[in-house]
Ligand SMILES: Nc1nc2c(ncn2[C@@H]2O[C@H](COP(=O)(O)OP(=O)(O)OP(=O)(O)O)[C@@H](O)[C@H]2O)c(=O)[nH]1
């Protein structure tokens, strides 16, 4: 039975469908400090394309601790969707192979004016990559330009990276995972304890459990299945909260196991091109920085492409990550053609012998046709260099958007060959069950999860660890 057909707890309680609820009606589990999204707490089961009010706010979301931390100054606020006017200039110079289709590559996008002739900047990364050899002539071409960010943009970028670095603590992943999932696990665990302490298991208790699971965003179908698993053969018997947690953990692990797939860099692809896509503020740039560090630690030569050409702050943010991780960043001036930048970066990475190229893209709402067209164009253009590229396309999802993540997967998959998910900000929500709902609906690989802003708060996704952490069980114990 599908989510649409099944009345679920809303139906049973109120005799109507979930989407008709007003936000105020569902706040059974209040969030102490919802840091990221106005949608959190909105049981958006419809997940239609028209549902755009739940997309996360941009990077300018103020920190609960320091309201000025992520503030975007007036001069760049909204620049991602309204690029600053640039003087009209000629197209990005492309050196597409002559046997390519005659289509000019890339076509200029009227909405994204090309910058004036980009000033050349001496490359400073080649020596870091090669140990000081002279770069090939083509790599001295003026692709990396001297971006002069407004001070506040630079400060913003530094803050982001600094915050990530400062957030790094000498503690293991399990500790970071349980800390990051604390909000979900506490809410769920408290509810389980309240429901199953000194109570026999009956239909009402199971319905209440199902409600709790739905509120944690597991999705109606999964919540029903999990509640049924708890009830199986146990009616009118006592069951301890720990037993319930174990059963839930088993069910969650079963649902997530097939999607817990690590990203595999194919060494035959040089570079292995990873495109990152997602809505504004989902955590794309931060994730790229964290991934760069991981790939580097594996001994791979990494390059970054600042494909979010809409915002100077985004370009600068990536450059700062590049500096911190000692990884070269290919960038152009704000307002440059993103597809052109991606094409050039791919060429340069190939010529430089890079193993991995991570391409950042501008955040875009999944229902904005023009921006989604631009994404399609990026893919189209880099395929002129390699028909199989991008070799991986990571959709970065902010866990705090709740059920809206489902429509993001649907619509981004139409514009780009989404091959896997990265779910960030699981630490910012009591609704970490969304990952299970996504797995049940799409079966897309989940490569990484982010549970904090720290540079190490991104880890390959492991189903059992996640299942145990989110249900408040200790690690390793077998169920
Ligand atoms: N708490 C928490 N914050 C995160 C996590 N991942 C990223 N962030 C924060 O989310 C904010 C937005 O991250 P960005 O990397 O700038 O997001 P983006 O998708 O590149 O944003 P746009 O450039 O607007 O599209 C930053 O403040 C990050 O530090 C996470 O796992 N947990």
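Every residue, even glycine, has its Cβ placed from backbone N, Cα and C.
Annotations in TrEMBL come from automatic prediction, not curation.
Copied from TrEMBL, the annotated features are:
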type     : residues                  : note
BINDING  : 278-285, 360-364, 424-427 : GTP binding site
COMPBIAS : 103-113                   : compositional bias 'Pro residues'
DOMAIN   : 445-458                   : domain 'SRP54-type proteins GTP-binding'
REGION   : 1-141                     : region 'Disordered'
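Packing against the domain 'SRP54-type proteins GTP-binding' (445-458) from elsewhere in the chain are residues 160, 163-169, 173, 176-177, 179-181, 256, 259-263, 283, 286-287, 289-291, 293-294, 394, 419-427, 435, 438-439, 466: each is 6 or more residues past its ends and has a CB under 8 Å from a CB in it. Taking DSSP states H, G and I as helix and E and B as strand, the domain 'SRP54-type proteins GTP-binding' (445-458) has 0 helix, 6 strand, 8 coil. Close contacts with ligand 1, defined as a Cβ under 6 Å from any of its atoms, occur at 281 among the binding-site residues 281, 361, 364.
Under DSSP, residue 426 (GTP binding site) is assigned to a helix (H, G or I) in the three-state scheme. Contacts of residue 361 (GTP binding site) defined by a Cβ separation under 8 A and a same-chain sequence distance of 6+ are given as 275, 276, 277, 284, 307, 308, 338, 375, 378, in order along the sequence. Ranking the binding-site residues 284, 364 by how many other Cβ atoms lie within 10 angstroms of each Cβ puts 364 at the bottom.
In the three-state DSSP classification, residue 361 (GTP binding site) falls within coil. Remark: residue 278 (GTP binding site) has 284, 363, 395, 396, 397, 398, 408, 412 as non-local neighbours, by Cβ distance under 8 Å and separation of at least 6 in sequence. The average pLDDT computed over the domain 'SRP54-type proteins GTP-binding' (445-458) stands at 88.
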